[in-house]
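**Q** Below are the features I grabbed from TrEMBL:
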- 31-275: domain 'Nodulin-like' (DOMAIN)
- 32-51: transmembrane segment (TRANSMEM)
- 96-119: transmembrane segment (TRANSMEM)
- 163-186: transmembrane segment (TRANSMEM)
- 192-212: transmembrane segment (TRANSMEM)
- 224-243: transmembrane segment (TRANSMEM)
- 255-276: transmembrane segment (TRANSMEM)
- 355-566: domain 'NFD4 C-terminal' (DOMAIN)
- 356-374: transmembrane segment (TRANSMEM)
- 394-413: transmembrane segment (TRANSMEM)
- 425-444: transmembrane segment (TRANSMEM)
- 450-473: transmembrane segment (TRANSMEM)
- 539-560: transmembrane segment (TRANSMEM)
Amino acid sequence: MVEVQAGGGNTTGDGGRHEVLQFALHVVRGRWFSLFASFLIMAGAGATYLFGTYSKEIKGSLGYDQTTLNLLGFFKDLGANVGVLSGLIAEVTPTWFVLLVGAAMNFTGYFMIWLSVVGKISKPKVWQMCIYICLGANSQNFANTGALVTSIRNFPESRGNMIGLLKGFTGLSGAIMTQLYLAVYGNDSQSLILLIAWLPAALSVVFVYTIREMKVVRQLNQQTVFFYCLIISIVLAVFLMVMTLVEKAIAFSHAGYVGTATVACALLFLPLLVFIREELILWRQKKLLLGPPKMVAENPPAFVESELKAIPELPQISETKKEFNSKSSWLADIFLNKPARGEDYTILQALLSTDMLILFLATFCGLGSSLTAVDNLGQIGESLGYPTTTIKSFVSLLSIWNFFGRIFAGFVSESLLVRFKFPRPLMMTLVLLLSCIGLLFIAFPFPGSVYAASLIIGFSFGAQLPLLFTIISELFGLKYYSTLFNCGQLASPLGSYILNVRVTGPLYDREALRDLEKKGLTRASVKELTCIGNQCYRLAFIILASVTFFGALASLILVARTRQFYKGDIYKKFREQAEAADTEMASPNSTKTR
């Protein structure tokens with residue numbers, strides 16, 4: 001029977017509603033909706049980049065000097081970059097658990113900071129504030145591990161584009177959250193901390209069950225979909241940049257802030273329409289594979305299950321082709337019998353390899369210097385005499401160009417690699433050299449130099465992380481990627497501690513004390529230690545530029561070591577798996593219904 005009668009009711013209408021419900025479930029359970037949820041979670045996972053906006057509130061309300069504030073900045077960077085725990089948890093627990101742990105850590109850490117700043121609790125010790133900000137910042141690693149790693153495994157042939165998009169939305173999060181807090185709380189930096197506490201946690205809780213590893217299917221227009229997302233994200237970034245500049249020049253009413261935030265959210269949700277259209281195409285194709293409509297009407301509960309079984313699964317992770325000698329010692333396996341580049345390394349094989357050590361050194365120099373510049377951007381603007389609204393513009397512009405750097409590193413490096421075999425490590429070298437220019441603009445300031453430095457440092461900082469994550473996935477495989485990519489960024493907080501806490505902070509405080517001596521004052525005479533003038537950050541940023549240049553030279557060594565690997569077809573095995581899946585789908589047995 002084609003139609004099922006049920007008491008003379010309107011079966012056509014009921015069937016239509018039932019099909020709409022099934023399609024809605026199909027969308028929510030699909031790879032594309034999982035990717036959309038990952039976009040939103042990553043867009044809320046960049047609260048650490050707003051430290052330059054609310055750090056002055058912490059410094060003023062708690063009476064810290066610059067060295068103490070930089071110590072907090074180090075623990076923020078430590079939490080944000082030490083993601084080994086989230087990686088190891090992800091190896092043995094489902095994705096939903098990883099996201100829930102991250103949500104709890106985010107809310108607890110930043111909510112305690114907000115309570116401390118607004119005086120709802122007694123003034124905490126410095127070590128307690130360090131724990132709070134480290135806990136809150138570390139939550140973004142759980143978001144990264146849950147959303148980014150899962151998305152890469154769901155789209156293994158497009159990892160460069162995938163990392164660029166996901167980290168790009170993280171780069172935009174600072175500007176997005178700035179628009180939201182202006183709309184919700186007005187121009188109140190203390191309330192920004194409260195927004196950072198609850199919004200990212202709420203996103204993770206809402207989408208906790210939609211982000212999971214799924215069967216990989218071959219889609220010929222997959223790259224086109226990613227380019228649609230790229231265009232939408234660029235439009236969002238340009239809108240945020242324009243509004244940041246306009247809000248600096250014109251005083252907005254609260255209704256105006258609400259309007260800009262609404263437009264930003266609409267652009268943020270626009271990829272969902274692209275994904276629904278894509279899922280509709282897949283829905284129709286799967287209905288053809290499953291047979292005539294009567295089969296669906298006769299057995300609707302099994303439809304979703306049967307449609308998943310009709311699509312063959314691609315192997316998520318290839319097994320290492322090289323077989324080790326069973327009699328060899330584990331030390332020999334780690335140091336001597338390593339797989340070829342591109343195959344699946346064990347965690348110890350990867351961490352103790354020369355390639356990883358070179359990446360560690362380049363990351364220490366590049367990201368360590370960039371994080372130092374980001375954390376001090378608010379005080380840099382203050383020392384050069386910029387007003388508060390302009391300083392907030394610097395932070396927002398840095399966040400936006402952070403996005404452009406991540407998109408560039410993802411899409412452009414992927415295109416150059418596919419077309420011209422341009423190695424990604426060489427792209428990292430060029431990015432580090434660009435970063436040196438931005439750091440020198442702060443060391444030797446001129447009118448408008450901080451604007452240019454914000455753009456350059458934001459762009460280069462944003463480009464470094466996607467390049468690092470993609471290089472790790474290409475050289476060491478995807479089997480233990482959730483742990484390896486978190487281990488790969490461990491050099492960043494170490495570099496931030498040495499360059500920020502041990503170098504930049506003390507040099508700034510030394511110049512501030514000299515200013516006090518010239519005025520005939522002592523440290524006890526002022527609550528907040530502040531330095532004004534071009535000399536405040538000159539020596540520190542000359543050192544940072546020199547360290548970054550050394551990191552660029554180190555990355556050139558990796559370019560030489562991996563040049564033969566990148567000349568080959570590094571995605572060959574994934575393409576072979578996809579072709580095998582296409583052959584299986586084309587066979588008569590693949591279209592049988594169950």
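In case you wondered, yes, glycine gets a Cβ from its N, Cα and C as well.
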**Q** Other than its close neighbours in sequence, what residues sit by the transmembrane segment (356-374), given a CB gap under 8 Å and a spacing of at least six beyond its ends?
**A** 49, 51-52, 73, 77, 81, 350, 380, 398, 428, 431-432, 435, 438-439, 442, 453, 457, 460-461, 464-465, 468, 471-472, 476, 488-492, 494-496, 498-500, 503-504, 540-541, 544-545, 547-548, 550-552, 554-555, 557-558, 561
**Q** Using Cβ atoms only, state whether the transmembrane segment (450-473) and the transmembrane segment (394-413) have three or more pairs under 8 Å that are 6 or more apart in sequence.
**A** yes
**Q** Quickly jot the same-chain residues contacting the transmembrane segment (32-51) by Cβ under 8 Å, restricted to those at least six beyond its ends, or write none.
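**A** Contacts of the transmembrane segment (32-51) (Cβ under 8 Å, skipping residues fewer than 6 from its ends): 73, 76-77, 80, 99, 106, 110, 136-137, 140, 143-144, 146-148, 150-151, 154-155, 165-167, 169-174, 176-178, 192, 196, 199-200, 203-204, 207, 210-212, 214, 225, 229, 268, 271-272, 275-276, 278-279, 374-375, 395, 398-399, 402.
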**Q** Please report, as numbers and ranges, the same-chain residues at least 6 past the borders of the transmembrane segment (192-212) whose CB is under 8 Å from any CB of it.
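**A** Same-chain contacts beyond the flanks: 28-29, 33-34, 37-38, 40-41, 43-45, 47, 50, 53-54, 57, 94-96, 99-100, 102-104, 106-107, 109-111, 113-114, 117, 136, 139-140, 143, 146-147, 150, 177-178, 180-181, 184-185.
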**Q** Please report, as numbers and ranges, the same-chain residues at least 6 past the borders of the transmembrane segment (539-560) whose CB is under 8 Å from any CB of it.
**A** 355, 358-359, 361-366, 368-370, 372-373, 423, 425-426, 428-429, 432-433, 435-436, 439-440, 442-443, 499, 503-504, 507-508
